[in-house]
């Protein structure tokens, strides 16, 4: 029994007292407190909310889960776990420490066998079952996400450990705060403060891509780039040393709370051991801090630049006759999905075998590091990509595709494929107008490619005012459609796709002629009269 | 009137003071650091500050001597009202300071903040916390339990509401950025929540109380 205690929490190694039974009594108290912690309404509500929050997108098949990138999904478990379960652990263990004070039974406990520090140790040990439960939930969530057929990427187990470690850390802080300030308002306030400081690096411009990585000083190092997921090799996340950092913080909080307060100033080896534990924790804290805030290594920064500017050498290419798909190694699982979309678009235009072979290449804006895309998107360095592909011996690319996937990304991909088929030439480096009849054809081909793609266009329309533009891979590379083209395609959606497709194939030459207008396309395809105002500059090429 | 003075002596102001300090620090740090933030971020800071104030407010009804005052001639409703009056005065003064800081932040960042709407949100949050505290005290006090259950229940309820609201899907959310077209509608909801919480406070303070059997 004593060996177990020592291995779980070194700071409580002094539990073997001359009374002999104190260790066993502490464990018995810890079991009771653990049960109360798990059964507390706040813990139950937190567990319920976390389960619903994780299960809801899995059950409804949301795109964010369906197309998960596992090297992002693993660290997405951290904040919900730390905030909900850690928050519950913090408040409930704080309340448990203050229970005797709130109920006016401090004096009764003073004459009990267990000393104040033994009771503190029991409160600290009571956190372990909740942390085990947190681990089980985190593992279940990531396994369920990884089991999705379209999930790609790699899981880092060290990322999964952060959430449960934060549960223990916040619980220890709740105990510590209870021993230092006997007011129950302190723990909820500390929880709000925790949420605030954790979200500081999320403010645009605070986190830096190449300087010292200060965000690692917070329990959860917030790095959000879900709109631009990087291949796992390009991440620079010192999460293993961060786990040691969290362990050091736990050790420190536990040792200080054992020392704090009256009744624990016993002389002898116990105090010495606690001071030793504090010193060890501080040393571990210093070392792990130095390692984790170090700026990303030159090798990683180089690899990021290479991946953004000349990715061909590092990518895997697959040929599914007659098309070629090149993706970063982590993302090759997306190729079958791309292939389905390409077939859906091209199949409407002509028999697949008669179409010129297309090359699709994936791109990611890796050179800015793991940062959300907030600023104006730069032009895509298409000329550099083409010469890079030529140097690596691949055909020039016709379609670019990013690493994030959603309904909007699916629409953007389908529209890019349609652009390559209808207009041809290298992918645009900026947002080009998709003018006249060609724009209508591209838009219709993209929308009919899949229900998700149609939903993507609807989402883009609801978030933009006049016309719709799409982007690929974090670059300002894509097409813009005007309101008349959108209206034409809305009208076409009411007609069976087979009819529209037949009319399109019949008059393809007239539809893709450079001078054909949106009005022409509406007439040829049967979209009826357009009512939206005409914009000359976009209407004609 | 004497009730007000007596009640003021029995109130523990430390939780409210602590909450006010933490709540003030949240928008004050960017103000002192001269960080340029967007209107949405500044709103978030003021909202988080408001949550801190509401957490402190939850503890204003706690009274270790509550068991002894159930027999005094001044009714429960009046005792609650007196506490809430002092609380409102203290919170109101503090919120004025918060609004000044937020105004300064908005001035530095060159944006306009809808301070009225944000104040309604903060008031609704505080009212939820206090109403939950009143209900908790009503359920606990007559059976001889401690008069200290209000703060804990109020704070926990408020945090639960905050988390639940933040998990709402985007089209139902009650926390909108200032340029949202849903701003007026959402604040009508918050005003309704405020009124409902006040009503709960009054109903839960009604007497006579029946002794709950154990």
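A Cβ is built for glycine as well, from the same backbone N, Cα and C atoms used for every other residue.
Those TrEMBL annotations? Automatic predictions, nothing curated.
The transmembrane segment annotation in TrEMBL covers A:37-56 (among others).
Sequence annotations record features per position, and here TrEMBL assigns transmembrane segment to A:76-97 (among others).
The transmembrane segment feature in TrEMBL is assigned to A:124-148 (among others).
Under the heading transmembrane segment, TrEMBL lists A:160-178 (among others). Sequence-distant neighbours of the transmembrane segment (A:160-178) (same chain, 6+ residues past either end, Cβ-Cβ under 8 Å): 74-75, 77-78, 80-82, 85-87, 89-98, 120, 123-124, 127-128, 130-132, 134-135, 138-139, 142, 186-187, 190-191, 194, 219-220, 239, 242-243, 246-247, 249-250, 253-254, 256-257, 260.
Marked as transmembrane segment by TrEMBL: A:185-207 (among others).
Sequence annotations record features per position, and here TrEMBL assigns transmembrane segment to A:244-263 (among others).
Taken from TrEMBL, the feature transmembrane segment applies to A:275-294 (among others). Counting residues 6+ beyond its ends, the transmembrane segment (A:275-294) has Cβ neighbours under 8 Å at 10-11, 212-214, 216-217, 221, 238, 241-242, 244-245, 247-249, 251-252, 254-256, 259 in the same chain.
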Of A:76-97, A:124-148, A:244-263, whichever stretch has the most CB pairs under 8 A to the transmembrane segment (A:37-56): A:76-97
Surrounding residues of the transmembrane segment (A:76-97) on its own chain - C-beta under 8 Å, 6+ positions past either end: 33, 36-37, 40, 42-43, 45-47, 49-50, 53-54, 120, 123, 126-127, 130, 133-134, 137-138, 141-142, 159-160, 162-164, 166-175, 177-179, 184, 186-188, 190-191, 194-195, 198, 219-220, 222, 226
Within-chain partners of the transmembrane segment (A:124-148) [C-beta distance under 8 Å, separation at least 6 from its ends]: 5, 8-9, 11-12, 26-27, 30-31, 33-34, 36-38, 43, 47, 50-51, 54, 58, 65-68, 70, 73-74, 77, 81, 85, 88-89, 93, 96, 155, 160-161, 163-165, 167-168, 171-172, 175, 254, 257-258
